[in-house]
Structure formats: structure tokens, C-alpha cells
């Protein structure tokens, strides 16, 4: 039977000093012997998805104490990708994921905590905490701050549900008046919470449900709704139970690596494909799997993408459908239920709240459940009042969305498409693969071929789009923006948004070794691996070349002869130390980002660090 980790600092004569310090934090004699639970919060006033978390850590802490544990809260950093977007601030977003994972490890191991509740929400925070949970492998429960309500705006006499991306596109559309743009801006983000569509933050919070590490509703119940409070309360009780089961009952099944095993990662990726999640989720699931020491790779994602249909389309893939609509249709448990009925899930996987995923679906899938409380839970609705306060309203829809033929969530027989919402493409320009969010690609451009216009920075591409140098039929290539080449693998939300504002969203392709925001739609292909900075073929593309894309057959190719590519490769290598670097780009790369670039790996590996490669260790 494993001993409580915290005994290292709470027991024995030689720990008198440590106990003295614990006492100074409020612990009493009766607390030495209880599980010490880390409450890992991420409150910040910089990020709307986290601005309401300040008191929620203490809410969880009080519930932990009521259940017989000792709670100790600390904070991680949190970057707002939307505010960091479109300038050098975005260089720091993906690297912050590693800092978050490390900071959790540092705090939990330095203080010998026995278990943890991870209070996350936005883009890199949930992945960073997930990586830490898999790395530490102590009992853990995830609870997110929840999605924000979709904005509502009246334009030309019609009411539309809007979000951040709509405001960005409107601002770049010269046909929109300043007044309408300002109306859109003021309406797009009305409440606290993670941005309202199936963007990266909400995608990841949904995936924790499929991994079995969070409670039902974690990904979909609104930040402002009173029902979300129950998740925080239950997280506090659940983590104490898990800690006791492991340390006192010798039940290792409650550990993150045994819950989120290979089959659970397959379930999560299956959900991701079915709901058309953010392409960033591929990076983060690969990274978390690596921390769990699982051999889960791009090949597995490719395999799953060929058999899983698209069962839901949510903003940005379609307008007027947001997370509040997904919740009304039964949330993530409803999508998992449809996948189960299609024979696409392994329901024997365990969860932090149920013996198996199958048992969880029997209670929480609204097509199976007979529970009136479950149906009431999924009728939670937006309040329609601007608010930065959690649990500030308790409005409910009159009815659930149970339409599985034409509703927000479809059954397999009425899927939006036979192919799922994400796909892996391979070809000479992406030998290790690249990712496209097919749920956001118009059917007319699933196959596409066009002349290339090459840019070695996002800024140059944006300038070309806004000055009308990109025309229908073009393939825009942005390179040297990968994990190492950026460094930091910037998101390309501005280029894709500006293409839409110019009416080119269905007429152009954008290819990059960088990545895309969860808010991106259109023929946007990212994570091209190997990246240009590592000698990838994308570094040899020239203006006027043609690139052919065939999503149904999962291929992408640079239509240039092997002899010509070999010649270009020799010319590039002849540049010496300057080889495989951008020719004219001026970018201030800080020491912190240089350190990240030295240790990071390919997007095909989740852009995780490889210390062994850098220092030559086996």
C-alpha cells in the first residue's frame, strides 16, 4: 500500500521544522495524516476565461476540507491567445504550456502533495495541467471555468449569435461601417468564460470528459450558470475519495495514467474528430500522451480520422452554433453516446466519477438517461446579461435539443459528413504529416490546387492579404513559424480571418508549419512537419510553384520534380549557418524563447521538449 506522499514533510522528529511551517499556513495536529490536496488554480485578470476563478479555488478547498482532506491552493500563469494574437506576444503562447506543466510539477513535488484538483480553462492552461497530471501520476480531477455565453447582435434587423472571430472578420471588412464594427466588438464577448465556440479552450475541456479526468458537463455548462458550481463542489469531494482509494485502499486504477490510458486517448481523439475540435488539440493530446509514456502518434490520429464521422459543427465551422447550444443538445456525453451507438468508443475505460465510461453514459447521455435532474442540467441556458461573475444566473431552456437528424448533435446515420472534422494529410511537403480542420472546409474546396505565394512571417502574409496581393486560387505558404523556427509556433488567426473578410475564405488555401487558432476555419493546413527550420521541404517552396491538396485521399504535394528539389536543397545548404532560416525577417527572440527553441521538437511529436536530444543523453 503506498504511503501518503505528504508524510515526507508531516511525520518524523526530523520534520519538526516542516511541520512548524505547515502550522503557519493554518494546519493543526489533527491535519497531519490527512491527504494534502493541491488546488491548482489559474486565476488572472488578463484572461476572460480566468477572470472569475479567484474565489473558485477556495470554494474547492472548503469542499476538500469538508470531505476530510487538507487543501493548499497555488496559481499557474495563463496567457490569453486572443490578446497575444497578431504580434510577437503569440511567440509565448505555446511555450507557456511547458512552463505551466513544469510549475505544477515543481509545486506539487516540492511540497509532496498527495493529489490535485486542476482549475483550468483557456488554450494552453488545460493542456499544461494535463501534461503535469500525466507526468506526476497522482490522483487528479479537472474542472474548468466554463465557456462564455455567445454574444448577441442585431444587424439589419436580424439577431445573430456572435463571437470574437466575427468581430475580427468584421473589423477587416471594408464594407462594414465603423458603427457596426463597434457594435460587434462590444457584443462578441459578453461574459467571463472561454470563448464561446469550439475553439481550443473548449475543445480541450471537452476532451478531459472523454479522457475520464473531469465531471460530465465540464466542457459545456456555461461559466455564468449556477449549475457549474456543482462541478467545483463535486471536484472537492471526488479528489479526497480518489486519494483515499489510492493511498489507503491500494487502488491504482484511480491514477491518471490508468484512467487516461491508450484506449481513453483513442476515445478522446474520436470525440475530437466527431465534434470538429481545434487543430491545436492534436498537439496537446500528443504531448499529454508522451507525458503518460504512451505510444500514441499521428498515425493513430490518421487511422481514427478515416473511420469517425462528423457529428457536430460548432462555431467557427458554422455560425450561430456555440457551446451553449451543444449543452442544450446533451453536451459531450451526448456526442459520446452517439459514438458509442456507432460502435466507435471503448466504454470499458474508467473515469474519476464512474466505474466505466459506459456507466457514465447510462446516467448522463440524455438519450439513455431516465434522470430528470440530468435533463434539467442540460437545459441550462445563457442569461443574456454581461457578467464577469461565476454562477451569476440560473436561466433554463424550455426544451432540450433532441433532434439527431438536423440538430446540433447528429447520430451517425445523419452525420454532417462521413469523414470526421479533423484529418491528417501526408505528402512530399509534409513527410511527417500536417493537420486540417475539415469541419471548417467548404465541400467545394476539399480538393484544391493553385500557385504558391511564399511568406517567411505571418506579418508579411497579413500585409499581402490586406493590400489585395492575394487573389482567388492562390495557395498562401507561411513558413519558419514552427516550434523551432518561430520560435513558439504562432497561431495564424489573423491571416485566415482576413482572407474571410476579403471574400477569399472559400477561394484560397493557407499552409504553414505554424498552427491555427481554434477559431480558424477554411482550407487552413497547419503543423506541416518537418518544419522549415528543421530542413523540411516547406523551406524549399518558391513563388509560382503549385501545391495540390486532396483531403478525401489525405494527400498534399508540392508539384515540383525531385531533381529540382534536390538542386534547391543544395542551394539552401550552401548558405552555411544561415541555411534553413528566414532570409529577411527581423524578429527579436528573447533568451527565454531561444531556450525553448533549443529543446522543442516537431509538431508531429506534440512540440514537446527533448532534453535527451539536446544534451546527447540516452
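Note: Cβ is positioned from N, Cα and C throughout, glycine not excepted.
Just one of 456, 481, 491 is listed by Swiss-Prot for the same Mg(2+) site as 81, 123, 124, and that one is 491. Note on proximity: among 122, 195, 517, the recorded positions of the record, the Cα nearest residue 491 (Mg(2+) binding site) is that of 517. Take the CB of residue 517 (active site, proton acceptor) and look out to 10 A: across all protein chains shown you find 31 other CB atoms.
Looking only at the binding-site residues 122, 195, the densest Cβ neighbourhood within 10 Å occurs at 195. The Cβ of residue 123 (Mg(2+) binding site) has 34 other Cβ atoms within 10 Å, all protein chains considered.
The CA atom of residue 195 ([2Fe-2S] cluster binding site) is located 11 Å away from the CA atom of residue 81 (Mg(2+) binding site).
Taking a C-beta cut-off of under 8 angstroms and a sequence separation of 6 or more, residue 124 (Mg(2+) binding site) has the following same-chain neighbours: 78, 79, 81, 93, 94, 96, 97, 100.
The DSSP secondary structure for residue 491 (Mg(2+) binding site) is strand.
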